[in-house]
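Note sheet for the following structure.
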Amino acid sequence: MAAAAARTVGSGVVLPRSVTFVTGNAKKLEEVRTILGQSIPFQSLKLDLPELQGEPEDISKEKARIAAKEVNGPVLVEDTCLCFNALKGLPGTQQTYVHASISVYVLLFEFKWFLQKIGHEGLNNLLMAYEDKTAYAMCIFSLALGPNAEPMTFVGKTQGRIVPARGPNDFGWDPIFQPHGYDQTYAEMPNEEKHKISHRGKALELVKLHFAEARYTFQTDSTT
Ligand SMILES: O=c1nc[nH]c2c1ncn2[C@H]1C[C@H](O)[C@@H](COP(=O)(O)OP(=O)(O)OP(=O)(O)O)O1
Ligand SMILES: [Mg+2]
C-alpha cells in the first residue's frame, strides 16, 4: 500500500501545513468531513482535476501529484468508481479488465460522464441481459506529502448489486447500489450507516490509521 509509510511511521514527520483535500465534488467533501470529524486536520480546495484514464490506483496517484503541485503542499485526493462484475462489450467505456481466473470482464466507468449520459435507468438497462447484477464500489485515496513526494494510496471496496433506483437522488449512483447484506440502497440508508460500510468509509479508516501511526506535525496548523 503505502510506499512511504514505513519511512514515516513513528517518526513524527513535520509537514509545512495541514493537508488539503482537493475535490470538485461537494458531496464527496461533505462525506469526508463527516467521516474524518476531528481526526485529521485538513482544509479543502475545490479544484476540477483532470479526468484521467488508466488503472484506478494510477489515476488516483496522478491526481495527487497534480494537486500537490497546484497546492505546493500536502494533499489528499480520491477517485471513486463503480465496477460491474459481469458486463461485456459495453461501448465507450474507458477500461476493460479480465477478472481473476474466470474470463468475466469487469468494466470500470468514469461515472462522472457516464452517469450523466445514461442515468440510473440506463445503468440498470445495461445489465438487463445479464443474470449477474453484482458490482463493487471502490474508493482510492491518495496522499502526497508534497509536490515531489510519491503518493501513498488507501483503498476501500464495498460489494453489492445494481438495483432499480430507490431513495433520494442527491449523490451519484447511491440510489442504484445496494450493498450485500442490506435491503436498502446507499441512498436509502442514513448517512452514518452508509459511512460504516461504504467504500469511502473503509478507505478513510486506513487513512486515519496512517495518520495515527505517522504522527505528522504541522508547521502552520490552519485547521478549518
Ligand atoms: O459514494 C458515492 N456514491 C454515489 N456516487 C458517487 C460516490 N462517490 C463518487 N460518486 C460519483 C460521483 C462521480 O460522478 C463519480 C466519481 O467520479 P470522480 O472522478 O471520483 O468524482 P468527481 O469528478 O465528481 O470528483 P473529483 O473532483 O474528486 O474527481 O462517481
Ligand atoms: Mg473527477
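Backbone N, Cα and C atoms are what each Cβ position is placed from, and that goes for glycine too.
According to TrEMBL, the ITP binding site annotation covers 23-28, Lys63, 79-80, 171-174, Lys194, 199-200. Taken from TrEMBL, the feature Mg(2+) binding site covers Glu51, Asp79.
Positions of TrEMBL features highlighted on the structure.
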{"residue": "Thr23", "record": "ITP binding site", "Cβ neighbours (10 Å)": "21"}
{"residue": "Asn25", "record": "ITP binding site", "Cβ neighbours (10 Å)": "16"}
{"residue": "Lys27", "record": "ITP binding site", "Cβ neighbours (10 Å)": "12"}
{"residue": "Glu51", "record": "Mg(2+) binding site", "Cβ neighbours (10 Å)": "12"}
{"residue": "Lys63", "record": "ITP binding site", "Cβ neighbours (10 Å)": "25"}
{"residue": "Asp79", "record": "Mg(2+) binding site", "Cβ neighbours (10 Å)": "24"}
{"residue": "Thr80", "record": "ITP binding site", "Cβ neighbours (10 Å)": "23"}
{"residue": "Gly172", "record": "ITP binding site", "Cβ neighbours (10 Å)": "21"}
{"residue": "Asp174", "record": "ITP binding site", "Cβ neighbours (10 Å)": "22"}
{"residue": "His199", "record": "ITP binding site", "Cβ neighbours (10 Å)": "26"}
Could you tell me which three-state DSSP class Thr80 (ITP binding site) falls into?
strand
If you check the binding-site residues Thr23, Asn25, Thr80, His199 one by one, which have a CB less than 6 Å away from any atom of ligand 2?
none
Listed binding-site residues with Cβ under 6 Å from ligand 1, out of Lys27, Lys63, Gly172:
Gly172
What's the CA-CA gap between Lys27 (ITP binding site) and Asp79 (Mg(2+) binding site) in angstrom, rounded?
13
Calculate the distance in Å between the alpha carbons (Cα) of Glu51 (Mg(2+) binding site) and Asn25 (ITP binding site), and round it to a whole number.
13
State the three-class DSSP label for Thr23 (ITP binding site), counting H, G and I as helix, E and B as strand, and everything else as coil.
strand
Using DSSP reduced to three states, classify Gly172 (ITP binding site) as helix, strand or coil.
coil
How many Å lie between the Cα of His199 (ITP binding site) and the Cα of Asp79 (Mg(2+) binding site)?
11
Separation of alpha carbons, Asp79 (Mg(2+) binding site) and Lys63 (ITP binding site) (Å):
8
Rounded Cα-Cα span from Asp79 (Mg(2+) binding site) to Thr23 (ITP binding site), Å:
9
